[in-house]
């Protein structure tokens, strides 16, 4: 099974991905996590350091694939999760899609791409071009990480559009949303009501989730010295169980941008208990709601 994890930049996507990867490994799966971000820090909390990237390794070998061994690019992470970082093109040059393609090509050359039960692609935050939508070409499922804020849900809606487009030519489905570090879910509920999709899990606003990234450890590793965090790991294990159940998933249909602006802003500007007339009230984004 191949899973692509997307979400707004800074939403905690890599932290969530690493913990999901360990949860899947705890369920007996052989897992490979592939970081698809030029920052090449997706697997940092699994390995404790920034591992060499595929692109750096290829360049050092003058792109002679036959001179590269599995141990040059696949690194063992915490919990038995194998880790790869694709890296990225130079800033302002090249294409992220090319890098992802080269990564998959090399893993196939090493006979590694089909050795795993689960391959999880952790992808650059915001889908702004076809290049960073490339991992969807290989995925069975996409999971979108969000929070209860407008920006994250706007990014989720853009990712939804990419999934719909890719599903035209690939057997790709959206497994659902994962809410990360949020004390409320009213905007999430409003969005999935208008754009039907599953909410796989919503992780509460726990500071230790953010701190784990700073410490370079997953929640599963932190539990060894802080047993009180064990309940947080149960959230990730629940996500893993839902993934392993092989959900039917959906081909979603995104909401047009202007409708999404109105939908989410109206939750605050037009509360149900307000008695005054809200007709023609201009929302925060400059659009008129009727």
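A Cβ is built for glycine as well, from the same backbone N, Cα and C atoms used for every other residue.
Note: TrEMBL annotation is automatic and uncurated.
Going by TrEMBL, these are the annotated features:
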- 10, 11, 12, 13, 14, 15, 39, 180, 181: ATP binding site (BINDING)
- 14: Mg(2+) binding site (BINDING)
- 95, 129: [4Fe-4S] cluster binding site (BINDING)
Mind telling me which of the binding-site residues 39, 181 has the densest Cβ neighbourhood, counting other Cβ atoms within 10 Å?
181
Do me a favour and check the Cα-Cα span between residue 181 (ATP binding site) and residue 95 ([4Fe-4S] cluster binding site); whole Å is fine.
32
Looking at the binding-site residues 10, 12, which one has the fewest other Cβ atoms within 10 Å of its own Cβ?
10
Hey, how far is residue 10 (ATP binding site) from residue 95 ([4Fe-4S] cluster binding site), Cα to Cα, in Å?
21
Between C-alpha atoms, which of these binding-site residues comes nearest to residue 95 ([4Fe-4S] cluster binding site): 12, 14, 39?
39
Which one of these binding-site residues has the most other Cβ atoms within 10 Å of its own Cβ: 14, 95?
14
How far apart, in angstrom, are the most distant Cα atoms among the ATP-binding residues 10, 11, 12, 13, 14, 15, 39, 180, 181?
22
